[in-house]
Amino acid sequence: MKIITEYQEFINYRNTLKSISFVPTMGNLHKGHMTLIDNAKSYNSHVAASIFINPLQFNDASDFKNYPKSLDDDIALLSKHGCNSVFIPNSSILEGIKELKAPDTALYLCGVNRPGHFDGVLTIVNKLFEITKPTRAFFGKKDFQQLTLIKNFVKEKKLPIEIISVDTVREWNGLAMSSRNIRLSESDREKASKLYKTLSSIKANSNNLSYEMIKSYKDDLTQQGFDVDYLSVCNPNSLKDLEDFNLKPILVAIAASIGGIRLIDNILID
């Protein structure tokens, strides 16, 4: 596996390749990321990953500072899974970067309490796309809002990139795999499985959805020690809260903290 740290070197390397299946990451890789790599490999093209913890998308300096890092393990894992190259830039990638403003879709869900977060996401993803010029790029459905924004961005800018969404990978107890999970205590990791159980229960009762039901689920999570940022029933395209729960498809999305660790998840109801 080729390891590249200078963006001009990657640009030159890219010019020698026909097509690229690209998996951008912030490192601390896990089975969810490897599922993205495995999906990328299925296209029989060069598979490239990137590792860069993007400071532009963090609202909290301590969250950025404490974001888990495991670079040596990440490189070994990518190599083991057949990744062909990995781009690991330093902060110089941000010099003179064109800062983008995310559209209104960024104002809902995570955007309510994380202003500017998705501006930072789109800014760095756009920069990485400029450098890697991927044929296709792979993103997980766990970060549904991010996925939606990137899909719409690529479509709006008419970029020749196919955005491929990959199903959320879960731990044995249903908890969505995340780089933040490593910071959970053993007891909090078990409690965190309640998020997916809540989403699954809402889906099972989707024919009787009401605001009162959603409030009761939220109250139940709060009583169990969660700090619930949102539990929203929304349109999967606009991400606006639905007034009519009979309009399918429906996205049920949640963000909540346990033990000070913020977790997100979602489920789609067709």
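Cβ coordinates come from backbone N, Cα and C, glycine included.
Because TrEMBL annotations are produced automatically, they should be read as predictions rather than curated entries.
Sequence annotations record features per position, and here TrEMBL assigns ATP binding site to 26-33, 140-143, V169, 177-180. Annotation comment: TrEMBL describes H33 as active site, proton donor. According to TrEMBL, the (R)-pantoate binding site annotation covers Q57, Q146. According to TrEMBL, the beta-alanine binding site annotation covers Q57.
Features as recorded by TrEMBL, highlighted on the structure.
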| residue | record | Cβ contacts under 8 Å, 6 or more apart |
| --- | --- | --- |
| M26 | ATP binding site | I51, F52, I53, N54, Y67, S179 |
| L29 | ATP binding site | S70, D73, D74, L77, L78, S179 |
| G32 | ATP binding site | G140, K142, T168, V169, A176, M177, S178 |
| H33 | active site, proton donor | V23, T25, A49, L77 |
| Q57 | (R)-pantoate binding site | H117, F118, G120, V121, I124 |
| K141 | ATP binding site | L147, S165, V166, D167, T168, N266 |
| Q146 | (R)-pantoate binding site | F118, V121, F139 |
Around the Cβ of S179 (ATP binding site), how many other Cβ atoms lie within 10 Å? Please give the count over every shown protein chain. 19
Please classify the secondary structure at K141 (ATP binding site) using three-state DSSP. helix
By a simple count, how many Cβ atoms lie within 10 Å of the Cβ of V169 (ATP binding site), its own Cβ left out? 18
